[in-house]
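Q: Would you mind keeping the following structure in view while I ask a few things?
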Amino acid sequence: DTAAHAYSCCSSQGEKLWHAMKLTARVLATGLLIVTALVNFASRYAQSIWESLGHFWQTRWLELYYLFEGDEWKIFLLGAAIVPALVFWCFNGILMVADVTGKPAFITRYRIQLGKNDPVDTKKLRQAIYVALFNQFFISLPMLVPMFSIMKWWGNTFSKELPTFHWFLVELSIFTIIEEILFYYTHRLVHLPLLYKHIHKKHHEWTAPIGVVSIYAHPVEHILSNTLPVMTGPMIMGSHIVSIAVWFSLALITTSISHCGYHLPFLPSPEFHDFHHLKFNQCYGVLGVLDYLHGTDTTFRQTKAYKRHKVLLSLTPLSESIPESPKRTE
């Protein structure tokens, strides 16, 4: 009887297991079919959107090309200098209103270093604006002249046919990797005592930075760390002027966000670079990959700032949901 009971139990367990396996297989098969159908539908739909957008932008590009009568220098100046500069100052103009007035609250409530730049010192702000404009007009702009010659040598920069969106994504990935490598090592270079004292210290006058401070730097640093890392990728790839305009604009927006002092919803986290301005010897890079490999983010990883270093997907400031630990009183 005991053996029969044991056999019965084993048989029952086996049937249950087999039933569970069949049920799991049916669920997975059904889910796989649904996912496959959705992916196929989405890919066809996305492809049609990309084709429509591609036709739209191709038409706009040709209109612009013929508007400038194919004058490559004027087109290059527009794409590599004027468009990125307008993007930079429009974005930072909004941030500076918040910095100076403390309004609107839907920006200022996301301040990272609470009590700092509240409001910003207008004298320091004017100085930062003057230096930023100087660097743009007298450093970045002249550097576009040799870049223009290199791009003409490649022969693809002013093509009447735009690059495909997929190729632009490949280029964007390469630009980002090159910028990370060049910025990290040039940034660490200017932190050497001698270079820090005479060059990089200017940028670190702001321990609680704001957006426009992203290009507030000594001219030598602006060349080494701000401009060359961004220009090098397009020069290596022989990129189209439209790709260059988008990349330069994205780079300026990204560095402005990194310095802006606000951890705004749905935008990249600025906690990493803000911590660099606070502590000076941590978080030298852009992506943080080389900091991790070199161990220059170990202190950062032990802080609440590291826990806040993520995209904010709600409207509650991370300074409230992940507040700093209260300071100990003696």
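Cβ atoms are placed via backbone N, Cα and C, with glycine included.
Look at TrEMBL and you will find 23-43, 75-98, 128-145, 165-185, 236-257 tagged as transmembrane segment. Per TrEMBL, domain 'Fatty acid hydroxylase' is recorded for 174-296.
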Q: For the transmembrane segment (75-98) against the transmembrane segment (165-185), do we get 3 or more Cβ-Cβ pairs below 8 Å once near-sequence pairs (under 6 apart) are dropped?
A: no
Q: Return the average pLDDT for the domain 'Fatty acid hydroxylase' (174-296) as a whole number.
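A: Residues in the domain 'Fatty acid hydroxylase' (174-296) carry a mean pLDDT of 95 in this prediction.
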Q: Tally of helix, strand and coil residues over the domain 'Fatty acid hydroxylase' (174-296) according to DSSP?
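A: Taking the domain 'Fatty acid hydroxylase' (174-296) as a whole: 86 helix, 1 strand, 36 coil.
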